[in-house]
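The structure appears below as structure tokens.
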Amino acid sequence: MPSIFGIICFLGIIGNCIIIYTIFKKTKCRAKQTVPDIFIFNLSIVDLLFLLGMPFLIHQLLGNGSWCFGSIMCTIITALDTNSQIVSTYILTAMTVDRYLATVHPIKSTYMRTPCVATMVICLVWLLSLLTIIPVWMYAGLMSLKDGSVRCALLLPNPATDIYWYTLYQFLLAFAFPLITICVVYFKILQHMSTTVAPLPQRSLRVRTKKVTRMAVAICLAFFICWAPYYILQLVHLGVQRPSVAFFYAYNIAISMGYANSCINPFLYVVLSQTFKRQFMVAIRPAQEQFRFNNSMTNGSVSLRLAPESTQQSHFSRQYSQNALPVTVAAH
């Protein structure tokens, strides 16, 4: 299992760094930043932060659950894990609402679907997530084991009852409510697309909107498919007094699926978006500069002017991963 986590961590970090670099390069080249760009950029940052906590999980698995990084790092990694999961879910929800506005109300929502508004939404998402994980900041700490080692865990005041409330709290806020919202919104989108016909001048825009919407659906499906086993096992664990070996294996597989979601997203962007492929090639292409020599007949001198080669500014519009509840620790 640690080797699988290592592969996921390596591929995920590389993939998300590529996404971040591509969007950053596009913005640096003064290309117009789109709302999907902002959402995907922040989602990739969240995925990257989540994956950076994986080495601690790998070390913990190799050490049979023992933690040797101190109390402060225990709190930080646990909070990072949980916050990344919740932020990803909320960003996906915001992306879904954006797709609804772009598809159902393309004209009326023009003043709302701006980079400035998208940035404000991202800030609000981070703020809500930080408020949501207050219990993690309060109760994450080190628990002494019988063999003398310590373990990073959530030290709830009354474990017998608090574990039920905490598990349901995370399940509802980080999974169930966003899932219901996303499903309802996409149902409205599909209902609108199946019952309306766009005027001829708007059909090209309608085609682009459909492509971005398909991307959003794919990202959301990948997220919830990857994280559903983890949340289901969390709920099942509430009714299990002594988990079996098979349960622990299934739980580790569920954790690996959750982390894998952060690794899958960059590949979905590349596979499902020809526009991103072109934008990526523009981003990694070495800057080419050509010299233009202009002979000045008035002063007999030669002027040397440096002109950067113009780059194609393709429209990078796609959308949208994960993740994480404090999967590196256990609540006690």
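Cβ atoms here come from the backbone N, Cα and C positions, even for glycine.
TrEMBL: automatically predicted annotations, no manual curation.
The feature transmembrane segment is assigned by TrEMBL to 6-24 (among others).
Residues or ranges marked as domain 'G-protein coupled receptors family 1 profile' in TrEMBL: 15-269. Across the domain 'G-protein coupled receptors family 1 profile' (15-269), the model assigns an average pLDDT of 86.
Per TrEMBL, transmembrane segment is recorded for 36-58 (among others).
The feature transmembrane segment is assigned by TrEMBL to 64-80 (among others). Sequence-distant contacts of the transmembrane segment (64-80), counting only residues of its own chain at least 6 positions beyond either end whose CB sits under 8 Å from a CB of the stretch, comprise 49-50, 52-53, 56, 133, 136-137, 140-142, 145, 149-152, 154, 326, 328-329.
Annotation comment: TrEMBL describes 117-140 (among others) as transmembrane segment. When Cβ-Cβ distances below 8 Å are used as the criterion, the transmembrane segment (117-140) is approached by residues 35, 38-39, 42, 74-75, 78-79, 82-83, 86-87, 90-91, 94, 98, 152-157, 166, 169, 173-174, 326, 329 of the same chain, each at least six residues removed from its ends.
Residues or ranges marked as transmembrane segment by TrEMBL: 163-187 (among others). Long-range Cβ contacts of the transmembrane segment (163-187) within its own chain (Cβ-Cβ under 8 Å, at least 6 residues beyond either end) map to 82, 85-86, 89-90, 92-93, 96-97, 99-100, 132, 135, 154, 156, 217, 220, 224, 227-228, 231, 234-235, 237-238, 325, 331.
Marked as transmembrane segment by TrEMBL: 212-233 (among others).
Residues annotated as transmembrane segment in TrEMBL: 245-272 (among others).
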